[in-house]
Amino acid sequence: MVDTLQAINTALLVVCGAAIVSNVLAVVLFAATKKLRVKYYGFAFNLVIGDIAAPTSMLLLFNVNFPVAVLVPLFSTSLCAVELSILAIAVNRFLALTITPLARYDAMVTRGRILAACLLIWIIPAAIFVPTLIHSELEARMLRSSIALGILLITAVFYCAVFRKIFRYSPPLASTECTRADDAVARTRLRQTRHLMITFTIILVMCFACWIPYCIANIMIYFSGKGYSVRPQNLLILSRLGVTTLMFNSLINPFIYWWRIREFRVSMYRLICRGRGNADPENDVVTLQTMQEPEN
């Protein structure tokens, strides 16, 4: 079992390192691409930050020079921030389809308010987990799993509500010039929302799949009633497997962005062209865009 645990630890370190690299690249692409630096992708950027912080804190936990009292709360807070960011995307899109007229939504949901919401996504989990971790590691594990499953279920409900709004959309009956213009904007927003929601539904499903092993491990550890130093070897292995699946979730998300977000792909292609010294990367990007099929 010692060899098995060592192999899992090695796999965990590799996955954490790859997750950090892929998400740092995602940050670069979001920051360098004008079409991605919009409030439409604000919570997605916050999700990427969470996917960097979680594997980074786990990687540093293997280094005894870093205080565990700081890294474990950071790890728990980062995981919760990732889930809350996925939930915030659904809430934001629900408001975009619910608040009318469209100009009212744009006036209410500003960059400053989205930034404030992103900060709260980090502050609230920290306020919950830090005191709990100081009190008891076992209770913190159970609380972390319970909150995670609760957030995921609430997120699934919101995603269903958004898709219901999309499917039930009907254009206004009036035929004035202003009404037709508003309907065109509404249809564009509807199309963008549908594509974004499909993208993050895939991320949500992956999040569910990766959280389940971790939650099962935490529940078993909680009911065993044993601390880390006296924990049986099989529970240690199960716990490390659960953490590895969570870090794999952080690793896979940038590939989903690349698959589903056209601007992300084009920006990466431009970056690769520049890295290879391409003399005219802009023309290559245009060629790539014209060859691609329209997004759903």
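From the backbone N, Cα and C atoms, a Cβ is placed for every residue, glycine too.
According to TrEMBL, the domain 'G-protein coupled receptors family 1 profile' annotation covers 22-257. Annotation source TrEMBL lists transmembrane segment at 12-33, 40-62, 68-91, 112-134, 146-163, 196-223, 235-259.
The highest tally of CB pairs under 8 A with the transmembrane segment (196-223), across 12-33, 112-134, 146-163, is held by 146-163. Tertiary neighbourhood of the transmembrane segment (235-259): same-chain residues 1, 4-5, 8-9, 11-12, 15-16, 18-19, 22-23, 25-26, 44, 47-48, 50-52, 54-55, 58, 79, 82, 199, 202-203, 206-207, 209-211, 213-218, 220-221, 224, 226, 265, 268, selected by CB-CB distance under 8 Å and a gap of 6+ residues from either end. With Cβ pairs under 8 Å as the measure, the transmembrane segment (40-62) is packed most heavily against 68-91, out of 12-33, 68-91, 112-134, 146-163.
With a cut-off of 8 Å between Cβ atoms, the residues of this chain six or more beyond the transmembrane segment (12-33) that come close are 41, 44-45, 48-49, 51-52, 54-56, 58-59, 62, 240, 243-244, 247-248, 250-251, 253-255, 257, 263-264, 266-268, 271.
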